[in-house]
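Reviewing the structure listed below.
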Amino acid sequence: MTRTLLTDIAVATADHSKYGEEVLGLFRFKDETAFFEKASKIFPGVVLLETCNRVEILVHGSAKQLRDFLHGEQRFGFDILEGEAALMHLLELAAGTKSMIIGEDQILGQMRRALLLAESHDTNDVITDVCLNTAIREGVSIRQKTSINKGAVSIGSAAVLLAEELMGDLDGKNILVVGGGEMGTLVARALCEKNLRAIYVTNRSFDRAVLLAEEIKGRAMRLDQLYPCIALSDVVISCTGAPHLIIHADELAETMNERFWPLDLEPRHLLLIDIAQPRDIDDACRDVPGVSLKTLDDLKSISEKNLAARKTECEHADVLVKAALPEFIKAFNRAASGDLTKNLYTWAEEIRQREKNKALSRLRDADPYLESVIDDLTSALTKKLLEDAAKSIRASAECTDTQTAEILLKAIISGEVSCIRRSE
């Protein structure tokens, strides 16, 4: 098979399509700093993307290197793609065709944040950068050319649809949203469209809860009032970014004792929906009388309905993804050839300095002006001599003629005389 990429690229992926919520949690890296420190010793570029439905690792390196690294970290079961397949995967990811909720826009923001995270750890090189940025641009373009995201639901709004499905309707209900971040905002905005009695918002930062509550005309509650607020609610949707549990079974059981109407034999039913990753709600809560607990895995019914409704647009997006791949490969090879030519100029500069110093040592009485002239002359000659070769390397790479690009570079560096003519 002809090699079309000038350097190695690989992606490890684990997502909702293959693994349930609990198993997917085993693929995550709790200590991001440690992950980047270890990975950066192996790969020139590495990006980590973790969402509630997927874990993705993009590296400037080979599939074997990535697999060996993950096995060393006791992470088994990732699907690993390399070369063109890795680029195609990134395009599909950005287009929203691999999302649990087909066409959702949140993946684009998540990919941007993954880049920023890599940059903050100094692990984003020119190759990983061009991969993510090109994929994101194509994802935006595909949404503009199709209706794949028109009226599409997010994970947050899917949780609201699930609540509506399970409760019959949400008219006159009290809803508590736990978490005021991006996902909590999506949930709260989706709830605004319903005929609710009240929306409560609680968050670790009370100021953030107040801002969100003002936007949706709800009521902000301090986190220390969580359980009293649960006692008032019919549905609780939890979506914080906390690394620990927020709602515990024993405290919830005590709260349920406050949910009896006079003469009732059982507490009023409480629906809990946990869309956080890691989980916010203790799984033992499902054993508390009167409580139903739903998680990300339960959103699949909403996802399947969404996919059926967007089948035609998804097919259109797939066509556009395939059409975008050749230009993606050109952009990739352009970036990779930049690295190649940079190495070429570095090699040439070392030779220039060495030979210049030899010449100056023979001119024992050379004054600073003469030294400056010789330095300028050798520098200009080096750049002129390499200019055409560098252009040829870049042109060959962009045309996916990686073999010619590599032959040119090796021929120059090894001192071989090589003349490669292209037919017009």
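Using the three backbone atoms N, Cα and C, a Cβ is placed for every residue, glycine included.
As annotated by Swiss-Prot, active site, nucleophile applies to Cys52, with the evidence given as sequence analysis. In sequence order, Ile155, Met183, Ile275, Ala276, Gln277, Leu296 make up the list of same-chain residues 6 or more apart from Cys52 (active site, nucleophile) whose Cβ falls under 8 Å from its Cβ.
Neighbour density for Gln110 (substrate binding site): within 10 A of its CB lie 20 other CB atoms from the protein chains shown. Residues annotated as substrate binding site in Swiss-Prot, with sequence analysis given as evidence: Thr51, Cys52, Asn53, Arg54, Ser99, Glu104, Asp105, Gln106, Gln110.
The feature NADP(+) binding site is assigned by Swiss-Prot to Gly179, Gly180, Gly181, Glu182, Met183, Gly184, with sequence analysis given as support. Mapped onto three states, the DSSP output places Gly180 (NADP(+) binding site) in coil. Sequence-distant neighbours of Gly180 (NADP(+) binding site): residues of the same chain at least 6 apart with a C-beta under 8 Å from its C-beta are Val201, Thr202, Asn203, Ser205, Arg208, Ala209, Leu211, Leu212.
Taking Cβ-Cβ distances under 8 Å and a sequence separation of 6 or more, the neighbours of His89 (site 'Important for activity') in its chain are Val11, Thr13, Leu81, Lys98. Look at Swiss-Prot and you will find His89 tagged as site 'Important for activity', backed by sequence analysis.
Cβ neighbours of Gly179 (NADP(+) binding site) (same chain, under 8 Å, six or more residues apart in sequence): Val187, Asn203, Ser238, Cys239, Thr240, Gly241, Ala276, Asp280. When other Cβ atoms within 10 Å of the Cβ of Glu182 (NADP(+) binding site) are tallied across all protein chains shown, the result is 16. In this structure the C-alpha atoms belonging to Asp105 (substrate binding site) and Gly184 (NADP(+) binding site) are separated by 15 Å.
Shown are the binding-site residues Asn53, Asp105, Met183; of these, the residue with the fewest other Cβ atoms within 10 Å is Asp105.
If you count neighbouring Cβ atoms within 10 Å for each of the binding-site residues Gly181, Gly184, the highest count belongs to Gly184. With Thr51, Cys52, Asn53, Arg54, Ser99, Glu104, Asp105, Gln106, Gln110 listed as the residues that bind substrate, the site has a largest C-alpha separation of 15 Å.
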